Structure formats: structure tokens, C-alpha cells
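J.: Residues or ranges marked as domain 'Aspartate/ornithine carbamoyltransferase carbamoyl-P binding' in TrEMBL: 1-123. Annotated carbamoyl phosphate binding site per TrEMBL: Ser32, Thr33, Arg34, Thr35, Gln59, Arg83, His110, Pro111, Cys112, Gln113, Cys247, Leu248, Arg275, in sequence order. What TrEMBL records for 130-286 is domain 'Aspartate/ornithine carbamoyltransferase Asp/Orn-binding'. Residues or ranges marked as L-ornithine binding site in TrEMBL: Asn142, Asp206, Ser210, Met211.
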Amino acid sequence: MLDLAAELKADPLGCDALAGPKSVAVIFEKNSTRTRLSFEVGIRQLGGQPVVVDGRMMQLGREETIEDTSRVLSRYVDAVVWRTFAQARIDSMASASTVPVVNALTDEFHPCQVLADLQTIRERHGDLAGLTLTYLGDGANNMANSLLVGGATAGMHVRVSAPEGFAPADWVLDAAKKRAAETGGSVSVFTEPKPSVEGADVLVTDSWTSMGQENDGKDRVSPFRPFQVNADLLAATGKPAASVLHCLPAHRGWEITDEVIDGPASAVFDEAENRLHAQKALLTWLVRRP
């Protein structure tokens, strides 16, 4: 899939997997900038028709079961992209659907972002297997979860560095360790930032507060401040070619400094662009699979 993403990046209009046009429902229950734009543009570039819907205006799980909505959508469209809250909601949608259902973000996972992250890392560092990635911030959020599972699947050594009380859930660690055992990767958790970045090829951070946690922001500054990705922490990797990723939006001066996000180590805006290409590859793979 990453090979296909690279091909689509080199030739954005070279694939018409959604020609016809095929229709794709793109449903948002959470606010979005990059996800909405990248999916809408990508679907059109593949020759398809995006049908963008505000999920808050639908009867999803309220006056109608998610499964019934899914059965109806399957009669109208060729794929569903859904940005929602609990992972159980999208699991329910997928269980009743006869067309592909794409997780565009849940409280637990953000898989499309991690596809773009892996594409970006491969562009900068080559083969993913054996690379060391350190994620710094809230170790229990959807980006940490997705990087653990996605990085381990790619054979990477994934470290999560988070304050006490913000470690990944055991079930996520167990899933990631199982993948790592199959690929030669590894998974580890740190509560101190400096040791966690030593020898790292890639540093990844994210907002200290996820959607719906905005009121907790000021309370998190003190415990999270040592985990800020700044020039000193970047230097502590000991890797002059180390890269920095952030899925955006960035709270500059909090989880990452201007100096780093705008500096030569930053792959943040390549990463944002790659959402488009990685998602096009995913949709192409889904509609073309047997």
C-alpha cells in the first residue's frame, strides 16, 4: 500500500479506481481540516464522487441503529469514510456494511494518519524495519495507539514516552507486542523523555489534549512540559538526520517549538500532504480487492 501511495504521489491523476463515478460517503461527527480536504480531493482525483455529510445531522445510533444506517448506506454508495467517537461505533458500521468502511479517526485509533506517517518516514529514512520511533506526549491517545500497532507491524522499534498516568492501555501494548514479535520490531514505554529519544530516528508528538479534552489543557502543561519536542530533545537523539512528525493541528510552544516544526528536521508538512496520497492508496486497494 505504501508503494502505491508513492506511485500516486508521483502521478496524482494516474489512477481512476473510483471512476464511474463511484460514490463515497464521507461522514464527520468531529471537526476536521486535513481529513476532510484530503479525502474529498483524493476521491475526486481517483474519479469518484465524495458525498460529505455532517454526521451530527444524521440519526446514527440515535433514532436508528448504526447497523441499520450502514445497511442503507451500502445500497447508496461504494464506500464509507467515517470520523466518529468510540471505536465501537465504526466497528458496528463495518459489521453490517457490504461496502468498505474506512476509519477516519476514532477516540481510540487514527489509522489513516499512521499510513501517512509511515509513508513520510520511508521517504526520509528508507526501509521502515529496524528504525526507532519515539512518540512523546499522551501515551493513551489515538495517535500513540495507532503508532504502536502500525509501527510494530512495520518492524519498527516503537517507544512511547509519557508522564506517569498517561501510559498506553495494556490491551494496546499487548496487540503491538504481538505484531512486533511477528516482524522483529519492539515496543517499550518510558516516563522520562531524554532516555526515550536516545538513538531515535524519528520523534513524533501530538497535541497534549485530544478533541473533547480542551478544558484539561492548562492542567496538563506542568506534567507534559518536559516532553516538549524542542531543539535540546532533538539533539539528544544523537542522530543528525532524525526527523520530527506531528499530525497537526500543532499548539506551537506547547508540545513542539517553532524552531523544530519550522526547522530542517521537520517532516510535518510532508506528512500532512501524504494524508492525501496514503488515503488514495487505501481507497484504491479497498475497491479493487477481490
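Every residue, even glycine, has its Cβ placed from backbone N, Cα and C.
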J.: Does Gln59 (carbamoyl phosphate binding site) have same-chain partners at least 6 apart in sequence with Cβ under 8 Å from its own Cβ, and which are they?
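T.: Spatial neighbours, sequence-distant, of Gln59 (carbamoyl phosphate binding site): Thr69.
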J.: Among Ser32, Thr33, Arg34, Thr35, Gln59, Arg83, His110, Pro111, Cys112, Gln113, Cys247, Leu248, Arg275, listed as contacts of carbamoyl phosphate, what is the widest Cα spread in Å, to the nearest whole number?
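T.: Between the outermost Cα atoms of Ser32, Thr33, Arg34, Thr35, Gln59, Arg83, His110, Pro111, Cys112, Gln113, Cys247, Leu248, Arg275, the distance is 30 Å.
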J.: Of Asn142, Asp206, Ser210, which binding-site residues come within 10 Å of Cys247 (carbamoyl phosphate binding site), going by C-alpha to C-alpha distance?
T.: Asp206
J.: Here are some binding-site residues: Ser32, Asn142, Ser210. Which one has the most Cβ atoms within 10 Å of its Cβ?
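T.: Of the binding-site residues Ser32, Asn142, Ser210, the highest Cβ count within 10 Å belongs to Asn142.
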J.: What counts of helix, strand and coil residues does DSSP assign across the domain 'Aspartate/ornithine carbamoyltransferase carbamoyl-P binding' (1-123)?
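T.: Residue counts for the domain 'Aspartate/ornithine carbamoyltransferase carbamoyl-P binding' (1-123) by secondary structure: 58 helix, 22 strand, 43 coil.
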J.: Select the closest residue to His110 (carbamoyl phosphate binding site) from the following binding-site residues, measuring between CA atoms: Asn142, Asp206, Ser210.
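T.: It is Asn142, whose Cα lies nearest.
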J.: In sequence order, which same-chain residues at least six apart have a C-beta under 8 angstroms from Arg34 (carbamoyl phosphate binding site)?
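T.: Correct list: Leu248, Ala272, Arg275.
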J.: Check the Cα-Cα distances from Cys112 (carbamoyl phosphate binding site) to the binding-site residues Asn142, Asp206, Ser210 and tell me which is shortest.
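T.: When the Cα distances are compared, Asn142 comes out closest.
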